[in-house]
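Novice: Would you mind keeping the following structure in view while I ask a few things?
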Ligand SMILES: Cc1cc2nc3c(=O)[nH]c(=O)nc-3n(C[C@H](O)[C@H](O)[C@H](O)COP(=O)(O)OP(=O)(O)OC[C@H]3O[C@@H](n4cnc5c(N)ncnc54)[C@H](O)[C@@H]3O)c2cc1C
């Protein structure tokens with residue numbers, strides 16, 4: 001089936017009840033690197049980026065590879081941006097989620113993971129040799145960290161690199177099948193260059209995990225000596241990415257293959273690193289690669305924007321049980337309005353995080369924040385897109401309506417770039433400190449902004465205190481995940497209310513309504529905590545439910561029409577909203593052309 005992109009108009013929106021205009025909202029949300037964003041969105045009008053639902057496994061991979069090549073021609077994304085201007089890099093990568101997650105991840109592996117590792121862990125010789133060819137798309141890159149036996153535990157990987165001073169080179173070996181590199185994006189068919197994580201030994205001394213850059217295929221696409229690659233297999237989604245499995249058998253790598261920003265070997269074969277401890281050195285190397293997590297978190301937020309735009313438009317346009325629009329039902333508002341609030345909240349928080357990366361802020365803070373937000377944003381995406389799909393009823397299942405495809409393609413985002421459950425535990429290790437005092441008890445009565453923020457902060461502080469008292473994090477992993485959420489929720493809410501103050505006056509009421517809904521809904525999700533710890537009682541809980549209902553009504557408008565304005569504020573151009581249900585489902589499904597699109 002070839003998908004025709006229908007030029008049916010977007011539904012009319014009643015703007016009378018909205019305090020803020022969608023253009024003003026969009027200008028406020030999309031305020032950084034405006035020219036890069038606009039240019040890439042325009043570039044994505046090319047036919048190559050139009051949706052295709054009729055392709056076989058290998059045809060879809062070829063299309064994704066063609067898309068990567070075409071993007072490279074546009075010069076929007078450069079691996080050098082990791083060093084010179086990370087904010088520009090993020091802006092260049094962002095719009096891709098609106099096209100398709102396979103191309104997003106294809107670019108993510110090539111530019112962010114492989115290109116980022118070379119840029120951030122390598123030195124000038126590596127930059128000059130590889131990055132221009134990666135920018136032009138001539139040298140497709142892979143990133144080989146995960147092994148069959150070691151996924152989340154990267155420090156435990158078993159691939160070995162032994163330095164041989166007599167030959168001035170390293171010898172790379174997989175050893176057992178459990179040490180084969182698995183899931184490696186781009187490896188199965190198109191990848192030619194690879195950044196490989198391996199345990200380094202120099203002069204018989206073990207030095208820990210280091211990263212090497214090497215060719216896995218030559219310019220003709222033939223596998224290099226000692227490299228074996230197999231196909232990973234058909235996946236539940238994201239099949240445009242050719243994931244593969246790699247084995248290394250006595251592969252000889254020259255000395256310059258070591259990405260040597262954090263560790264090097266001198267002319268006499270002596271190993272040097274400014275970071276003496278093996279775990280600290282590993283932490284510095286992996287910590288430098290937080291760009292990937294930032295991109296995954298941003299993609300999750302962008303997917304929420306697209307899913308909500310489609311679901312809200314359809315809901316305010318589709319009557320059911322007489323003339324009543326489905327968007328007018330409380331249960332619809334309850335499913336969509338909190339998602340819109342979460343998406344605004346997370347988008348604004350991501351702007352802060354990207355600002356910290358751009359300013360080269362404290363790496364520890366960036367690591368904690370990017371880990372917590374990656375987990376929060378991707379888990380939020382799972383919830384938001386499922387609700388969007390349900391709100392569209394059966395129409396939500398049609399591939400051309402975009403939401404279903406995103407659900408399956410993006411499901412992996414809770415697992416890769418750090419499994420969310422494991423990431424939340426890392427966040428907790430990063431934020432717990434000795435001497436944390438028990439917070440004074442609080443009570444919430446009227447759900448003012450001050451009380452809402454106090455309640456979110458209280459949850460974080462009390463969970464921190466409890467975990468310090470409990471001591472054994474391993475035996476209390478469930479509380480660790482709760483604390484990771486509490487940390488992300490409070491920071492995101494606090495930032496949202498600050499944004500209300502920073503925003504132009506015309507936007508403040510609208511943003512505040514959303515921020516209040518965000519905070520109320522977070523309290524409601526954690527009602528068990530608040531009741532058990534005496535912050536609210538049974539009446540308070542009932543009051544909280546009513547407050548969430550009221551706020552969903554305020555944010556949504558009578559038929560959910562206000563949600564359309566808020567979604568327009570996300571600024572997704574019409575050519576990337578291809579779902580027919582977002583463009584007038586009646587005209588589309590009653591058109592005489594309906595048969596022609598199959
Ligand atoms: C489509 C896809 C593309 C990928 N692309 C790449 C790539 O290009 N390059 C690359 O190097 N890797 C890639 N990966 C690998 C990815 O990074 C790993 O899948 C991820 O790190 C998780 O490892 P794992 O799959 O072995 O899961 P595991 O680590 O085995 O985790 C499985 C489950 O156990 C839980 N668990 C694990 N450890 C703990 C713990 N300490 N405490 C509590 N729970 C725990 C996790 O929460 C999870 O639910 C990709 C994966 C996929 C699926």
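Each Cβ is built from the backbone N, Cα and C atoms, and glycine gets one as well.
Where the annotation comes from TrEMBL, it is an automatic prediction and has not been curated.
Values in this document were obtained by computation on a predicted structure and should not be read as measured data.
Pasting the feature list from TrEMBL:
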ACT_SITE  417  active site, proton acceptor
BINDING   146, 185  FAD binding site
DOMAIN    142-251  domain 'Acyl-CoA oxidase/dehydrogenase middle'
DOMAIN    287-431  domain 'Acyl-CoA oxidase C-alpha1'
DOMAIN    476-555  domain 'Acyl-CoA oxidase C-terminal'
Novice: Any idea what the Cα distance is from residue 185 (FAD binding site) over to the residue listed as 'active site, proton acceptor', rounded to a whole Å?
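Specialist: Rounded to a whole number, the Cα-Cα distance is 12 Å.
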Novice: So if I draw a 10 Å sphere around the Cβ of residue 146 (FAD binding site), how many other Cβ atoms end up inside it?
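Specialist: Its Cβ shell of radius 10 Å holds 18 other Cβ atoms.
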Novice: Distance between residue 417 (active site, proton acceptor) and residue 146 (FAD binding site) at the Cα atoms, whole Å?
Specialist: 10
Novice: Using DSSP, how many residues of the domain 'Acyl-CoA oxidase/dehydrogenase middle' (142-251) fall into helix, strand and coil, respectively?
Specialist: 9 helix, 52 strand, 49 coil
